[in-house]
Amino acid sequence: MPLNRFPCWRYAVACGLLLLLVHVHGQDSVSPIRNTHTGQVRGKLVYVKEGVTGVYAFLGIPFAKPPVGPLRFAPPEPPEPWSGVRDGTSEPAMCLQTDFMRPQISKERKIILPTISMSEDCLYLNIYTPAHAHEGSNLPVMVWIHGGALVMGMASMNDGSLLAATEDIVIVSIQYRLGILGFFSTGDEHARGNWGYLDQVAALHWVQQNIASFGGNPGQVTIFGVSAGGTSVSSLVVSPMSKGLFHGAIMQSGVALLPDLISDTPEAVYTPVVANQSGCEAKDSEALVHCLREKTEAEILAINQVFIMTPGVVDGIFLPRHPQELLASVDFHPVPSIIGVDSDECGWGVPLFMGLDHVIKNITRETLPAFLKSRAEHMMLPPECSDLLMQEYMGDVEDPQTLQAQFRELMKDFMFVIPALKVAYFQRSHAPVYFYEFQHQSSFIKNKDARPSHVRADHGDHVAFVFGSDFWGLKIDLTEEEKLLNKRMMKYWANFARHGNPNSEGLPYWPELVHDDQYLKLDIQPAVGRALKSRKLHFWTKILPQKIQELKGAQGKHSEL
């Protein structure tokens, strides 16, 4: 080759390589491919923040084998490898469930929600990662666990795109088995239960093994969740099975001590009901489990409809003892935590879900004593405690509307606030705890007829401000003040994922729950509060238990006679 032509040849090759690189980069930017331990997966590019910021979404990645056939009522197993490139551009099927939630949300928001298929084959996760992220980026990772009373919900309920793009973090949203498929227990080796919790552990193992390929740092993982998702996060904090799988925890309107989501016994309280509803004439637990494994998805759904909640159990493995015992004995992972509640946890949605909304509306001074007595029994309290509850929450009030409001306050404290405070006080001596009460009344609740005007922050209302979008990623119309609240909450949550501390320059200061029991009132103008519900905490943790012991002592003496 003549020497005078060599530079042209080299120039042509360089141009060709440049064009090839541009072409490959262009392909990657629209249709990214990432490696996992079990195969390659193709995602998609989505734009957020007025279409100027790109996020890669990888949807429906399997983190376990389909829990079907012999794997029904069994611990999850690692996923099978696949050849070729798996499509990760469409939402995964949600786990089998009775869909209580969607009609309620549609009515309240005045929106039409997308249809998502349902299957027992549902152990998948979604990943949202900034488009610039690559292996070695070492971005903080936040793993979202959806709520839904352990009977409903899905990974796709909350879209992590905007949070990932705004705060330059990796968001993972996981699914887990629900209802009886997720939590049925016979109390012995044939079906120990907590299958849904074991799914969550499996998902966290998958994150440790694979998230680096998506730009995440496996050594900087924060788990967060709402309602039953918060209960799940809190349960993972006390479970020996999750050691080393995460480094921070955020419990939003749910902790491991929520009364309806944990059973005191290894055998679930509803096991006889399952046996009866299933039509399984089984002589023992082994035969019952075998019979239930033979049921179709439709038959399982029919059994599920009986239950509005399915509690976890003390199985000796995921939960060696009751969460309260584990917390009291400091047998938990001492990771930094954010724990919080909404100001009107039982303002509307929870009573509606529990079928109590019409009953509450009919409360008067005359009907209240009998109603409180029946609720005390449901709360696993001696019926005689109803007088004490009446005295503490209602006093001499006669006005029906005030009585109804005070009953909702009682429900809120019993179900959410007191359990959250107890967990926070157990943990704060061993790791930083930041507590909040979300107080803002959202402007985007369209159907004011569906939700009473007196409700400020109902159960789960804060979630839209964490993700910057409504359910299923639907855009929300925020006021200018709400946009600032949204920006601040995203920053608090992301700061915590980065540093184990929500604070940074430019944000209202959020103190630890140490001096003067300080917490943050999350509203348009955040403010520091002190000793949230201190009197009620004393009532539920000191006065009421003492009264119960006195009643038991009196009953014991009576039985001796």
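Glycine is treated like the rest: Cβ placed from N, Cα and C.
Within 10 Å of the C-beta of Ser227 (active site, acyl-ester intermediate) there are 27 other C-beta atoms, taking all protein chains into account. Marked as active site, acyl-ester intermediate by Swiss-Prot on the basis of sequence analysis: Ser227.
Residues or ranges marked as active site, charge relay system in Swiss-Prot (evidence: similarity to another entry): Glu345 (among others). Residues near Glu345 (active site, charge relay system) in space but far in sequence (CB under 8 A, at least 6 apart, same chain), listed by position: Ser253, Met411, Lys412, Met415, Phe416, Val417, Asp458, His459.
Residues annotated as active site, charge relay system in Swiss-Prot: His459 (among others). His459 (active site, charge relay system) falls within neither a helix nor a strand when secondary structure is assigned with DSSP, and so counts as coil.
According to Swiss-Prot, the disulfide bond annotation covers Cys95-Cys122 (among others). The Cβ of Cys122 (disulfide bond) lies under 8 Å from the Cβ of Pro67, Pro92, Ala93, Met94, Cys95, Leu96, Gln175, Arg177, each of these being in the same chain and 6 or more residues away along the sequence.
The feature disulfide bond is assigned by Swiss-Prot to Cys280-Cys291 (among others), with similarity to another entry given as support. All protein chains included, Cys280 (disulfide bond) registers 17 other Cβ atoms within 10 Å of its own Cβ.
With a cut-off of 8 Å between CB atoms and residues at least 6 apart in sequence, the same chain places nothing near Asn276 (N-linked glycosylation site). Here Swiss-Prot flags Asn276 (among others) as N-linked glycosylation site.
DSSP classifies Asn362 (N-linked glycosylation site) as coil under the three-state reduction. According to Swiss-Prot, the N-linked glycosylation site annotation covers Asn362 (among others).
The motif 'Prevents secretion from ER' annotation in Swiss-Prot covers 558-561, and the record cites sequence analysis as its basis.
According to Swiss-Prot, the feature signal peptide maps to 1-27, an assignment based on sequence analysis.
Among the disulfide-bonded residues Cys95, Cys291, the residue whose Cβ has the fewest other Cβ atoms within 10 Å is Cys291. The average pLDDT the prediction assigns to the motif 'Prevents secretion from ER' (558-561) is 50.
The local packing around Asn362 (N-linked glycosylation site), expressed as other Cβ atoms within 10 Å of its Cβ over all shown chains, amounts to 10. Note: the Cα of Asn362 (N-linked glycosylation site) and the Cα of Ser227 (active site, acyl-ester intermediate) are spaced 27 Å from each other. For the pair Cys291 (disulfide bond) and Ser227 (active site, acyl-ester intermediate), the Cα-Cα distance reads 32 Å.
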